[in-house]
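Engineer: Below are the structure tokens for one structure; questions will follow.
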Amino acid sequence: MSFNSLCMNNLWRSVFIEGNIASGKTTCLEYFSKTSNIEVLTEPVSKWRNVRGHNPLGLMYQDPIRWGITLQTYVQLTMLDRHLSTMSAPVRMMERSIYSAKYIFVENLFRSGKMPEVDFAVLSEWFEWITQNIAIPVDLIVYLQSSPQTCHERLKERCREEEKIIPLEYLEAIHQLYEDWLIKKTSFNVPAPVLVIPADDDLQKMLHQYEENREKILAGSNV
Ligand SMILES: Nc1ncnc2c1ncn2[C@@H]1O[C@H](COP(=O)(O)OP(=O)(O)O)[C@@H](O)[C@H]1O
Ligand SMILES: Nc1ccn([C@H]2C[C@H](O)[C@@H](COP(=O)(O)O)O2)c(=O)n1
């Protein structure tokens, strides 16, 4: 079905853009934001860096054992708020999801011994309650599959203050969790079909790949 008929038939569509830190999600969304009839929702990182004058993202990187629960509770709330906001266009493209918050970032904190078991248990209870009682619309997951090395280079270039201390090993752990979830499909429930886009290429080639996949992303043909 073409994008135009999708709009005419009022078939609303929700797409998550998933991938490692600095894999190019925001850049991808910026590209698609130039298309009419698409609503783009980036991650609310500015909120995570400033909630009533506090910076839970920075605190988490400084002392994950103490502040991991604080950041991830707020991430869960802000992502749920994003998921439930009224759609303003027939296609919504959203950066990450409440699922990756739990299956990737909370899981990584817990597995690496940086989240106490009680914090993990409370966050898991919240997550299970939310996903069992509230419908989270999703039709497609686009996975920007990049190597941890590429992400590390891009992260250094982007130079976000809080992220300066992120080592390559952290990105490797996040990468492995993403691969298990969306490629091998061995770890957690995958709530929608997955479209994998290799994301190590330079910007020009990435924009070309986005064009090639436009129909699949926006209208869901042959994922
Ligand atoms: N294909 C690419 N090649 C080189 N640099 C890129 C590419 N895509 C994005 N970047 C740069 O890498 C950094 C991270 O990209 P960004 O889109 O912010 O990633 P994410 O939203 O996944 O964290 C930014 O500085 C961005 O300009
Ligand atoms: N559940 C989450 C989601 C994101 N983060 C961190 C990772 C990055 O430092 C930052 C934003 O991610 P990006 O969009 O650049 O991939 O937020 C987290 O710790 N937990």
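Residue numbering: from 1, along the chain as shown.
Cβ coordinates are placed from backbone N, Cα and C, and glycine is handled just like the others.
Below, the features straight out of TrEMBL:
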{"type": "DOMAIN", "residues": "16-218", "note": "domain 'Deoxynucleoside kinase'"}
{"type": "BINDING", "residues": "G19, N20, I21, A22, S23, G24, K25, T26, T27, R154, L155, K156, E157, R158", "note": "ATP binding site"}
{"type": "ACT_SITE", "residues": "E95", "note": "active site, proton acceptor"}
Engineer: I'd like to know which of the binding-site residues listed (G19, I21, E157) lie near ligand 2, counting only a CB under 6 Å away.
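Structural biologist: Close enough to ligand 2 are I21.
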Engineer: Other than its own, how many Cβ atoms are within 10 Å of the Cβ belonging to E95 (active site, proton acceptor)?
Structural biologist: 21
Engineer: If we count other C-beta atoms within 10 Å, could you say which of the binding-site residues S23, T27 has the fewest?
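Structural biologist: Comparing Cβ neighbours within 10 Å for the binding-site residues S23, T27, T27 has the fewest.
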Engineer: Rank aside, I only need the closest one: which of the binding-site residues G19, K25, T27, E157 has its C-alpha nearest to that of E95 (active site, proton acceptor)?
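Structural biologist: Closest candidate to E95 (active site, proton acceptor), judged by Cα separation, is K25.
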